[in-house]
Amino acid sequence: MSTKLTKMLLAEVIVDVKSHETDRTFQYFIPEELQKRVVIGMRVLVPFGPRRVEGYVVSLTNNPETPLEKVKPILRVLDELPPLTPELIELSDWLCERYICTRAQAVQALLPGGMRFKSTLVIEASDVTPAILDAREKEVLSFLKNKGPQVKSQLLKDHPSWRGAIAKLLQKGAITERFMERTGVKEKQVAYVVLQMDRESLLQKLDHLQANAFKQKEVALWLLHQGGTVRLRDLLAATKAARSTIEALRQKGILDIEQREERRDPYHGRYIGEKEGKLPLTAAQERAYSAILSMLQTRQAHTVLLQGVTGSGKTEIYLQTIEACVQMGRQAIVLVPEIALTPQMVERFKKRFGEDVAVLHSRLSPGERYDEWRRIRQGEVSIAVGARSAVFAPFEKLGLLIIDEEHELSYKQEENPKYHAREVAYFRALYHGATVVLGSATPSMEVRYAAAKGRVTRILLPERVNRKPLPPVEIVDMRLELKQGNRSIFSRRLHEAIAEKLAHREQMILFLNRRGYSTFILCRACGYVARCPSCDVSLTYHYLNSIPILRCHYCGHSEEVAGRCPECGSQHIRNFGTGTQKVEEELLRLFPEARVIRMDVDTTATKGSHERLLRTFGAREADILLGTQMIAKGLDFPGVTLVGIITADTSLNVPDFRAAERTFQLLTQVAGRVGRHDAAGEVILQTYHPEHYAIQCAVTQDYERFFQKEIEIRHSLDHPPFWEMTVFTAAHESQKEAYRLARETERWMRRRFSEDPEVIVHETTAAPLARLHGKYRFHQVIKYKSYKKVKAELLAAYFHARAKAKKIDGVLSVDVNAQMVL
Ligand SMILES: Nc1ncnc2c1ncn2[C@@H]1O[C@H](COP(=O)(O)OP(=O)(O)OP(=O)(O)O)[C@@H](O)[C@H]1O
Ligand SMILES: [Zn+2]
């Protein structure tokens, strides 16, 4: 026994349990038979309380923390290759520290979601029926008997009032609980038929078969003809053979059936054979390319801001620097915002690099994601293109990390860990001595300011590749339109332009950053506005299969539209404001001959719909592409000669300090969709705020002027990039409790930092979205110059207030380096 013990090694394991109390590593011993496979970074199955959960080995040791008899064993190893590299383990530690999350959350952010091992607590009625049950208990029991086994947490969520009854029924033995386990996605195994002998021996063998075995002969010869290995499914389909025929051949040793792994390919080998060569670079591109290349060669971490107007050929620079990087034996990651939304981008990478590219984004099935991820982990590809989470692509020799449209808010994750892809890229660049390239026509204030301070190298591409000027932008003041009696969505100018383009068979893009039919409905008699019962927002009017319906864009609540005001009974209840559905309806009314494609969250919900709509438009089978911000970036259609901005004001009215920046960026991006090719283009911009600097600068597409103006405002208001901002959000059904909870963090931080000029502790205030999902929300904002200084206290304040939150059933969350404060 004792000799065995000295041989035994222990593993320090992060367990998949969602709680700050279990946020440390646990020791497990490594059974003899798993000695070889339990290595650092490996995913294992371990017992935890009554459950079996997934865990991640972060180190190995021989020093037990508790008596060895009490240490439980690792049950199983879940992968062939450890999914976490040493770098990723370090990165997960950094994520915890930087964004205040649990270690399990940090590790899971690094791995493709589908591979997680899940165990869920299920309850069901037993055979025991106790004599005495109260009404509630009877209700629960009959529910379970009718509906069968239920996931406990879900049931409690749906019926919070059943909690007590369920506990009592468990005590009485009337219901039982058990863990239901589900392993995550696995390699896809496919049955193959493999010939077991060479041609000569096969022909001999077939000669000796009985004369009536002609089907067996036919199948064997077909297999020989196919080269000896085919999928079982294909063989059955091609030869129409029965299973028994195959079995007979197998028993004679002529063939065998093997399970082989088959990669799921989200792009089905598309774009193969459509390889595209590189373009000769323009002088400006060449300068940018050489600058990035020389940084790559230093093998030191560098950051470049590639600031190029729309159509300046940034993508070509990405492609060529990646090629150079791969030739150096290193790897590259390219992040694009919501890649599923830019199939044109994927296409360019696939056509340039073919099989050397893995694509990662949320619209892939879990199996496809897992396989693409494994192609990266196993070193089969050198390039990963994807949305935010692709920044974690498990490459081991990273050279280049490119973030396209660097200013996009979607690079910040809104759930734990609330990381910013740009910051993760910096971490990885430092680890690997890699270069980070941040590309944008309208850089974020943070990055442009860092360039001004010399922390980031700025490279400018001031002109479009083809020297085409940026399109002229014409402002239409909608207040004047109204004064002059035009109540339509379209100004006379825009109306005219649409008619003219239609007559010339030219294409156009119409932009409105608001989906649904109208913004809200209002009773003109009493002022009643239909609001969500659980959120502090008005409901949006939609048409769903031509039936009007009211919807909450935050919680998904929907209800019928009343014909009369539910408050005063008046019939003067009308909808106000304009969404994409209403614009579409108006277009069809005013221009019945126009072929319109509407693109927003509602029309692109199904897989592939986004790509299909864009392809239709690209093939010029439609005249007008109408959409939300989904169509603002990355698109390049030569047939488009007009961009119409229905209203520039939607993002301006958002109660957030980035509203002006957002508006300027969006408008510049949309305007950039036109005039990129031979045909001249124009932009018509409708607004009620023509004098606003964000709109004025967008009209002249003058980024630098915008930056100067905005940076002054940020400075005078103590906003980022001068200060970093962390936000505590407290939520509770009771307004008072929500406020008190947020106040806890304020008090804590004040006590530590009231004298410190480099930390600003703001007063607790109601959140702009003051109620959501039935809970009141309060914000408490901390601003500081150095995260290092506040880190420990932020964490302490969070733990302190979270303990209170637990007692009163409230929710407390913290967002470090918050991007949006809603
Ligand atoms: N060196 C080159 N020679 C010829 N054409 C080029 C060259 N570089 C880029 N192009 C073409 O110019 C167009 C614009 O380039 P690209 O899409 O790379 O610009 P971008 O800066 O990424 O634009 P956006 O930010 O608007 O998406 C593309 O059609 C591209 O094929
Ligand atoms: Zn709601």
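Each Cβ is built from the backbone N, Cα and C atoms, and glycine gets one as well.
Taken from TrEMBL, the feature coiled coil covers 192-252.
Feature annotation from TrEMBL assigns domain 'Helicase ATP-binding' to 295-461.
Among the features that TrEMBL reports, Zn(2+) 1 binding site is placed at CYS523, CYS526, CYS565, CYS568. Non-local contacts of CYS523 (Zn(2+) 1 binding site) by the CB criterion (under 8 A, 6+ apart in sequence, same chain) comprise VAL529, CYS565, GLU567, CYS568, SER570, HIS572, ILE573.
Per TrEMBL, Zn(2+) 2 binding site is recorded for CYS532, CYS535, CYS552, CYS555. Long-range C-beta contacts of CYS532 (Zn(2+) 2 binding site), restricted to its own chain and to partners at least six residues apart, with a cutoff below 8 Å, comprise SER538, LEU539, CYS552, TYR554, CYS555, HIS557.
The domain 'Helicase C-terminal' annotation in TrEMBL covers 560-728.
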Neighbour tally for CYS552 (Zn(2+) 2 binding site), based on other Cβ positions within 10 Å of its Cβ: 21
Listed binding-site residues with Cβ under 6 Å from ligand 2, out of CYS526, CYS532, CYS535, CYS552, CYS555: CYS532, CYS535, CYS552, CYS555
Intrachain C-beta neighbours of CYS526 (Zn(2+) 1 binding site), sequence separation six or more, cut-off 8 angstroms: CYS565, GLU567, CYS568, SER570
Residue with minimal Cβ packing [other Cβ atoms within 10 Å] among the binding-site residues CYS535, CYS555: CYS555
Remaining residues near the recorded Zn(2+) 2 site, that is with C-beta within 8 Å of the centroid of the site residues CYS532, CYS535, CYS552, CYS555: PRO533, SER534, VAL537, LEU539, HIS553, TYR554, GLY556, HIS557, LEU772, HIS773
Sparsest Cβ surroundings (other CB atoms within 10 Å) among the binding-site residues CYS565, CYS568: CYS568
Additional residues surrounding Zn(2+) 1, by Cβ distance to the CYS523, CYS526, CYS565, CYS568 centre under 8 Å: ARG524, ALA525, GLY527, TYR528, PRO566, GLU567, GLY569, SER570, HIS572, ILE573
